Amino acid sequence: MEILRGSPALSAFRINKLLVRCRDARLAVDDIYAEYIHFADVSAALDEDALSRLQRLLKYGPSLAEHQPQGRLLLVTPRPGTRSPWSSKATDIAHNCGLPQIKRLERGLAYYIQAPQLSEPQWGYLAALLHDRMMETVFTRLEEAAALFAQHAPAPVTLVDVLGEGRGALEAANLALGLALAQDEIDYLFAAFTRLGRNPSDVELYMFAQANSEHCRHKIFNADWVIDGQPQAKSLFKMIKNTFEQTPEYVLSAYKDNASVMEGSAVGRFFPDAQAGRYDYHQEATHILMKVETHNHPTAISPWPGAATGSGGEIRDEGATGRGAKPKAGLVGFSVSNLRIPGFEQPWEEDFGRPERIVSALDIMTDGPLGGAAFNNEFGRPALTGYFRTYEERVDSHNGVELRGYHKPVMLAGGIGNIRASHVQKGEISVGAKLIVLGGPAMNIGLGGGAASSMASGQSDADLDFASVQRDNPEMERRCQEVIDRCWQRGEENPILFIHDVGAGGLSNAMPELVSDGGRGGRFQLREIPNDEPGMSPLEVWCNESQERYVMAVAPERLAEFDAICRRECAPYAVIGEATDALHLSLDDAHYDNRPIDLPLDVLLGKTPKMQREAVSLQAAGFPLNRDGIKLAEAINRVLHLPAVAEKTFLITIGDRSVTGMVARDQMVGPWQVPVADCAVTTASLDSYYGEAMSLGERAPVALLNFAASARLAVGEALTNLAATHIGDIKRVKLSANWMAAAGHPGEDAGLYQAVKAVGEELCPALGLTIPVGKDSMSMKTRWQHGAESREMTAPLSLVITAFARVEDVRATVTPQLQPARDNVLLLIDLGAGHHALGATALAQVYRQLGDETSDVRDAGQLAAFFRVMQQLVAQGWLLAYHDRADGGLLVTLAEMAFAGHCGIDADIGPLGDDALAALFNEELGAVIQIDEADRDAITALFHQEGLADCLHYLGTAQPGDRFILRAGERSLYSESRTTLRTWWAETSWQMQRLRDNPESADQEHASRQDDNDPGLTVALSFDPKDDIAAPFIAKGARPKVAVLREQGVNSHVEMAAAFHRAGFEAIDVHMSDLFTGVQTLEGFHTLVACGGFSYGDVLGAGEGWAKSVLFNLRVRDEFEAFFHRPQTLALGVCNGCQMMSNLRELIPGAELWPRFVRNKSERFEARFSLVEVTQSQSLLLQGMVGSRLPIAVSHGEGRVEVRDAAHLAAIEHAGLVALRYVDNYGKVTENYPANPNGSPNGITAVTNASGRVTLTMPHPERVFRTVSHSWHPAEWGEDGPWMRLFRNARKQLG
């Protein structure tokens, strides 16, 4: 093992945060220094050249002050027996850089701690503070890290002696292996193996437990029910399926695949052909995938990997739909207990304790969203909507006074995708078809996830919780998706016959499901499974939940073609079996020459005993809200601080919201980029205005008083969130229903039945809505010992509804941004039928009450009519602004609209009744719309025609200025500055950012919100975007070739190719593997573009691993150098491509002064819609644009310009190499956050070389070449956004 020191790992503010944590824990630590340490497992000693090359590889990241370590060492590494994603990707880079003798690289974090006063027990506590025990371990000597590379002989299979010891042997195995088998399932297995006349293996039992867990089989939703002594006619699942039976329109696939599919639009899908790699549009029906998953248990145990693999698993579900599909846009949601932010605790937050094995709500919301965002970011999927709720209280609910809250959290991951019409249904698996696992190797992680997720937290052994934690490697999943893309893009020639993702239960669930669904059996070879940990037993190899894997069937004659695709995409795969005619499953172990699995499929997946559920109905008593002492001003302040209501910027800007170039509506609204969007909208393609929309509905606290109302409101809210998008027929809207409950808790089972019936049998059929997809999680309870007291925390019955719809015209979507300069009217549409119920509202929660009567869907007919009217108003363009009423009631609806419009409001709520608190804070369904005064009569008439006249209330107007005024007639109820309200609303997000990120950055952003004079994004163009300067050259018919270059992990190449294609280029897909193998060269190209993403997951510095793979490969290095020295060539590097090319400066003439691009000052991935100024420079791509100020998509974690010193910066400026700078909304060059999202000096965010032929930019012009893909834009812009000029300049330069 070679040990190599790396660079310092922690910035000053990170060190300071650690010291503060130590102080808070009463640990006397004087100083901490941390640096990376690299460990190389080598097959042969490294010679001088190889060692030098390796040392260069391992020099990466920002330049921080390093010094000789002092103090005691605590070395944090991945747990021995696991392999980190960092290791996988760093090892790939080493191999591509000519270091084949590197068997494996691994990285540790060495803390050198000066703390002479600490006792040994305190050192142990400090070590616990510094690492995540679920993923890491701590050594005290560098040499101990050799344990990371220890090799063990394969463990053998274990037999369970059922024939000798009887049923008791199964009961013992059930406990020892954490199988979570019910008694009737043990009976079933005992009978089955007695009949087979042999003993089961541990792997067979484990496989059975995973395949038949509640998590996988949904036994409760398929059970027979008896409620209050009365047998029920339908199971829960049958009631859900009733929605499809009543409204099957537009649904193409439901209940039978990894995701459901609904009818989409006929558009031009843009992708390269299989032969020449030439990008073009392919006009075809493009249908819409829908999927929403939960990943609750893993997120409670270890939030980052739990949430990351939750998003990753849902993405795989989409990609593995039909015969292969394309994930497109995602959503993420969280329900947790109270945050109790240190120093910012709220009056309603009490600490009720929690089990040691799960983390706090604050830790979940610090790390979980980062994990979910990181996976989506690195995979290349924009995360465009979500929700966040906190609840934790002692309440008098259905079962009397008890603790209700989300110690077991909800982690929701969902999204939309697209699929070809011919691939919606899976194919047929022929006998002899090759059964393949695509993706990463098996590792001893995530064991028992399906069974563990099916238990209440506290029931399983802590070691089993430990074992069920998973690891994420999104860059690997991206490679696998590229393989799937290459396959579906072949159309009828798609080599994939059948595909499933690998999720809960690992291969033990995925492979039986694959062959069984295909009507076949399977014969498998254990030792053909790629395996990074040879010491694993057959059970561990077959059942582990290593992520980023798919299983599929490929015909033998197509295997060579499939192999070539995988090699090009650097995606590992293995043929591990073949399909058989006999419906039998066998797994042979060549190492031990035995057969760990030898089972008829019907034993594994046959008719296991059907669950019978008996339940008793309970009804919460409910007590009217005690309003003594509740003052309106204080109530507003409290409600604006409740996380479900408060600003969620800290959850949003960590996630890429522009990748694909097809995002038409993200969370951020208007020139002030306020996170208040009601729904997410994407374009169906890069050449149309058809699209897809998704929104969420969720009112879980209401279930503490009324189960059915809570479910109905979730459906209603999803609809009101979607209503201001141009959809048309309500039957176009399809729902996902995700049900979370504490099964078996008194009252909850009957409540679940009531809720499902209310939605599946009543409301959805009445509205014409279908629920073709969903998920259930039935173990939402935690138990622990609190001193001498046993405690339980039970989540409310929680239904999260996600609404999906095809969009007729994405340009018509209306946002909450008020237009104060118009002669306008604000109207409330109240669907509460005059009810102002305050039970289980935000107001009740912040005063630690529950209340009695709750909101509800008062009239399904009125809700349907409301949707119809909104669709007419949207289609006609009569709405100026729209926002639904939800958490926080009318007060929050109006406030958020004012925030988005940066304006004042004068609202008269007198007509809503004498009870101002009830009028402002009830959460009945409804919306506020802003219209032109001139259209008022026509719009009112429309409401009358639909029978909604009584729902319509005139409120007042939006006005320029800063005053937020509420009146009852002439009587003033409340007057406050909108800026003050905005500050209150943002404080929760600010405090979370301060804890998690660089507090200096968080403080700067919070200060910027308090500038009432902020003009918002202010655009000034020095050219006309409608002027197509490339048109004369396109007219000549010649399309010069542009090499659209990507490396493994790059994810922004398609929109880049589309932008160049529109400018008149022939865009060619070029993978780095094409250059390494010599299949492709750069000789025939005039233009080279390196695209954005996460090459190699950015593990050796953003873009640095990619660059070094060029620099250390002599032939490829020469090819790049020749290209850059060739006259008349152009090159563009964007984001990751910018980082990569900046590290090729030694090959590029006139690039000697280029800076490095390193970690953002905030030390967080930043996704922003930023204002930049085009500066005077040599850049040929920015000619004619100088002086323009225009918005652009920013998405990076390492974009800060780093120079050697002040003289270096001055030289860059003097040489005229600066091409773009960040400016604030006043047009001034800035280093302030977030206008400058990465802290680059002098606002520098793009540079060029001395000739102007090579331009590097961190922001993404290719993602906003269409106006429709801007988060906000001036109303007068046409189809082409102003950044299209950059690509047309390129075409003009080539003549």
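Placement of Cβ uses the backbone N, Cα and C atoms for every residue, glycine included.
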Identity of the Mg(2+)-site residue among Asp678, Asp852, Asp914, Asp915 (reference: Glu717, Asn721, Asp884, source: Swiss-Prot): Asp678
Which range of 304-326, 1224-1246 is region 'Disordered', per Swiss-Prot: 304-326
Residues satisfying Cβ distance under 8 Å from Ala308 (ATP binding site), sequence separation of at least 6: Gly371, Gly372, Ala374, Phe375, Asp472, Pro474
Those recorded positions of Gly310, Gly312, His1260, Glu1262 having Cα within 10 angstroms of Cys1135 (active site, nucleophile): His1260
Integer mean pLDDT for the domain 'Glutamine amidotransferase type-1' (1042-1295): 98
Remaining residues near the recorded Mg(2+) site, that is with C-beta within 8 Å of the centroid of the site residues Asp678, Glu717, Asn721, Asp884: Cys679, Ser695, Leu696, Gly697, Ala718, Leu719, Thr720, Leu722, Ala723, His883, Ala886, Ala927
Candidates Gly306, Gly312, Glu314, His1260 (recorded positions) - the one closest to Asp884 (Mg(2+) binding site) by CA: Glu314
Listed recorded positions (Arg316, His1260), ranked by Cβ neighbours within 10 Å, top entry: Arg316
Alpha-carbon spacing, Glu314 (ATP binding site) to Asp678 (Mg(2+) binding site), which is rounded to whole Å: 22
Cα distance (Å, whole number) from Asp678 (Mg(2+) binding site) to Gly312 (ATP binding site): 25
Cβ neighbour count within 10 Å of Glu717 (Mg(2+) binding site): 27
Rounded Cα separation (Å) that holds between Thr385 (ATP binding site) and Glu1262 (active site): 22
Alpha-carbon distance [Asp678 (Mg(2+) binding site); Tyr387 (ATP binding site)] in Å: 11
Nearest-integer angstrom distance between the alpha carbons (Cα) of Gly306 (ATP binding site) and Glu1262 (active site): 32
Rounded inter-Cα distance in Å - Glu1262 (active site), Asp678 (Mg(2+) binding site): 26
